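Presented below is the structure to which this report refers.
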Amino acid sequence: MARMGLAGAAGRWWGLALGLTAFFLPGVHSQVVQVNDSMYGFIGTDVVLHCSFANPLPSVKITQVTWQKSTNGSKQNVAIYNPSMGVSVLAPYRERVEFLRPSFTDGTIRLSRLELEDEGVYICEFATFPTGNRESQLNLTVMAKPTNWIEGTQAVLRAKKGQDDKVLVATCTSANGKPPSVVSWETRLKGEAEYQEIRNPNGTVTVISRYRLVPSREAHQQSLACIVNYHMDRFKESLTLNVQYEPEVTIEGFDGNWYLQRMDVKLTCKADANPPATEYHWTTLNGSLPKGVEAQNRTLFFKGPINYSLAGTYICEATNPIGTRSGQVEVNITEFPYTPSPPEHGRRAGPVPTAIIGGVAGSILLVLIVVGGIVVALRRRRHTFKGDYSTKKHVYGNGYSKAGIPQHHPPMAQNLQYPDDSDDEKKAGPLGGSSYEEEEEEEEGGGGGERKVGGPHPKYDEDAKRPYFTVDEAEARQDGYGDRTLGYQYDPEQLDLAENMVSQNDGSFISKKEWYV
């Protein structure tokens with residue numbers, strides 16, 4: 001027993017020594033088995049599992065390549081390549097696994113016709129000497145495409161008045177998918193969907209969705225589509241609902257213009273029903289139909305000319321296998337036909353947008369406001385005094401008329417005749433010349449006795465053209481000319497002053513050509 005213990009201890013030490021030798025041997029860490037980390041494939045398809053040995057050293061000898069599957073913590077051989085023994089594939093892969101390029105550096109295999117049981121962890125192992133075994137593993141996922149379909153309910157859908165309970169109308173199924181698919185609905189209906197997942201023993205999942213709603217007339221002929229999304233695929237299938245409902249009745253034919261003696265009028269009963277209405281019954285609110293009125297199925301004919309006895313409320317009852325509903329119309333008889341007024345030109349041309357009408361009206365209003373403002377401004381400018389309203393600056397005339405405006409006198413004679421006994425002081429001087437004695441004396445005293453005869457004195461000519469005097473100027477002139485006699489001849493050019501003067505509120509006149517500061 002002691003020998004066996006020593007042998008066991010020696011074996012353990014020898015194994016440890018080999019391991020340390022392999023660990024410190026140069027180039028050991030560069031020897032790597034390369035595989036794909038994960039692979040996936042669909043049931044019934046083929047998948048290639050890559051495996052290669054990288055950077056082999058010349059001193060390292062490869063003896064065997066082995067593929068294994070990890071099952072419940074244990075390893076199960078799948079395929080083996082040995083240079084001396086050849087290729088060996090074990091059951092249940094014998095007919096479905098093959099090496100593509102068997103060699104000491106390439107152990108790639110093909111797994112054909114995938115089954116759900118093929119899913120799992122696969123190990124690729126290279127046996128080397130003296131460094132030992134080198135391996136890597138990959139994960140294979142097997143996917144199953146689901147089978148999808150939609151089916152409507154086998155029960156008859158009937159819309160009933162006052163019904164609030166939702167009933168099953170369609171079922172969408174996505175069966176045996178792996179992983180499970182995503183199911184949804186596409187419709188305008190106001191219903192609700194419920195979902196259920198069933199996990200099958202082989203690992204696949206079946207998804208079932210049921211759609212429920214309250215049957216109604218509005219739901220009839222509406223489309224309901226089932227949408228299944230799986231991996232990169234999208235499935236869509238739809239159906240059209242068939243909902244039975246009782247008739248919805250309307251009466252047509254009365255246009256509001258039934259008048260005396262009108263001919264060839266009728267009423268038609270229209271029933272929206274599923275299945276279609278099979279029976280129609282006409283009555284009036286009073287009971288029986290008037291004389292001259294005949295019912296033929298869904299049409300009510302009025303024979304002969306219209307008279308007042310045909311006025312009243314007419315009722316049509318329509319019946320189908322689901323139920324009976326009625327509709328009514330009130331008929332009025334007038335003495336004369338109603339003739340609508342012809343449409344306006346603008347209406348015939350089409351409605352004018354409100355924005356255009358508002359824009360045109362606003363533009364016209366703006367133009368009127370601007371024109372009115374200009375007119376008011378011009379009138380104020382014409383009738384308003386622009387000068388200084390100080391009490392010191394009153395406006396006087398030029399001494400020959402009130403407020404500075406020359407009066408429109410008839411032309412004066414060139415030579416005025418005075419009696420011989422007239423006072424010399426009252427006689428005017430020669431027309432066209434100066435008539436003031438003091439001015440003559442000033443001219444004689446200061447000007448050497450020379451004076452121009454036959455024309456106005458320059459000073460008086462200048463004063464005559466002035467439209468006004470200030471208060472100071474007026475007082476000064478009153479001192480100098482108060483005792484003198486006017487002998488000035490009117491100049492025709494001064495008559496134009498009246499055309500250029502504007503009347504003021506205080507009775508005075510202001511020239512339009514002057515600005516007063």
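Including glycine, each Cβ sits where the backbone N, Cα and C put it.
Residues or ranges marked as compositional bias 'Basic and acidic residues' by Swiss-Prot: 449-466.
According to Swiss-Prot, the feature disulfide bond maps to CYS51-CYS124 (among others). Neighbours of CYS124 (disulfide bond), defined as other CB atoms within 10 A of its CB across all chains, total 25.
Taking the Cβ of CYS172 (disulfide bond) as centre and 10 Å as the limit, one finds 26 other Cβ atoms among all the protein chains shown. If you look up Swiss-Prot, you'll see CYS172-CYS226 (among others) marked as disulfide bond.
Summarising the annotation, Swiss-Prot assigns disulfide bond to CYS269-CYS316 (among others). For CYS269 (disulfide bond), the same-chain residues lying six or more positions away in sequence with a CB closer than 8 A to its CB are VAL249, THR250, ILE251, TYR280, TRP282, ARG298, THR299, LEU300, CYS316, ALA318, GLY327.
Across the domain 'Ig-like C2-type 1' (149-238), DSSP assigns 3 helix, 55 strand, 32 coil. Taken from Swiss-Prot, the feature domain 'Ig-like C2-type 1' applies to 149-238.
Counted with DSSP, the domain 'Ig-like C2-type 2' (247-334) comes out as 3 helix, 53 strand, 32 coil. The domain 'Ig-like C2-type 2' annotation in Swiss-Prot covers 247-334.
In the three-state DSSP scheme, ASN36 (N-linked glycosylation site) falls into the coil class. The feature N-linked glycosylation site is assigned by Swiss-Prot to ASN36 (among others).
In the three-state DSSP assignment, the secondary structure recorded for ASN72 (N-linked glycosylation site) is coil. Taken from Swiss-Prot, the feature N-linked glycosylation site covers ASN72 (among others).
ASN139 (N-linked glycosylation site) has a Cβ environment of 14 other Cβ atoms inside 10 Å. Positions annotated as N-linked glycosylation site by Swiss-Prot, on the basis of experimental evidence: ASN139 (among others).
Per Swiss-Prot, the feature N-linked glycosylation site maps to ASN202 (among others); the stated evidence is experimental evidence. Residue density at ASN202 (N-linked glycosylation site): 12 other Cβ atoms are found within 10 A of its Cβ, drawing on all protein chains shown.
Proximity of ASN286 (N-linked glycosylation site) to non-local residues of its own chain (separation of 6 or more, Cβ distance below 8 Å) is seen for GLY312, given in sequence order. The N-linked glycosylation site annotation in Swiss-Prot covers ASN286 (among others) and is backed by sequence analysis.
ASN297 (N-linked glycosylation site) counts 10 other C-beta atoms within 10 Å of its own C-beta, drawing on all protein chains shown. If you look up Swiss-Prot, you'll see ASN297 (among others) marked as N-linked glycosylation site, on the strength of sequence analysis.
As annotated by Swiss-Prot, N-linked glycosylation site applies to ASN307 (among others). Every protein chain considered, the tally of other Cβ atoms within 10 Å of the Cβ of ASN307 (N-linked glycosylation site) stands at 15.
Here the Cβ of ASN332 (N-linked glycosylation site) has 12 other Cβ atoms within 10 Å, regardless of which shown protein chain they belong to. Taken from Swiss-Prot, the feature N-linked glycosylation site covers ASN332 (among others), and the record attributes it to experimental evidence.
As annotated by Swiss-Prot, signal peptide applies to 1-30, with the evidence given as sequence analysis.
Annotation comment: Swiss-Prot describes 377-517 as topological domain 'Cytoplasmic', evidence class sequence analysis.
Within 10 Å of CYS51 (disulfide bond), counting C-alpha to C-alpha distances, fall none of the recorded positions ASN72, CYS172, ASN202, ASN297, ASN307, ASN332. Residue density at CYS226 (disulfide bond): 26 other Cβ atoms are found within 10 A of its Cβ, drawing on all protein chains shown.
Between the alpha carbons (Cα) of ASN307 (N-linked glycosylation site) and CYS124 (disulfide bond) lies a span of roughly 104 Å. Neighbour list (ASN36 (N-linked glycosylation site), Cβ cut-off 8 Å, at least 6 residues apart, same chain): LEU49, HIS50, LEU138. For ASN72 (N-linked glycosylation site), the nearest neighbour among the listed recorded positions (ASN139, CYS172, CYS226, ASN297, ASN332), judged by C-alpha distance, is ASN139. Comparing the Cα of ASN332 (N-linked glycosylation site) with the Cα of every entry in ASN139, CYS172, ASN202, CYS226, these being the recorded positions, the smallest distance points to CYS226.
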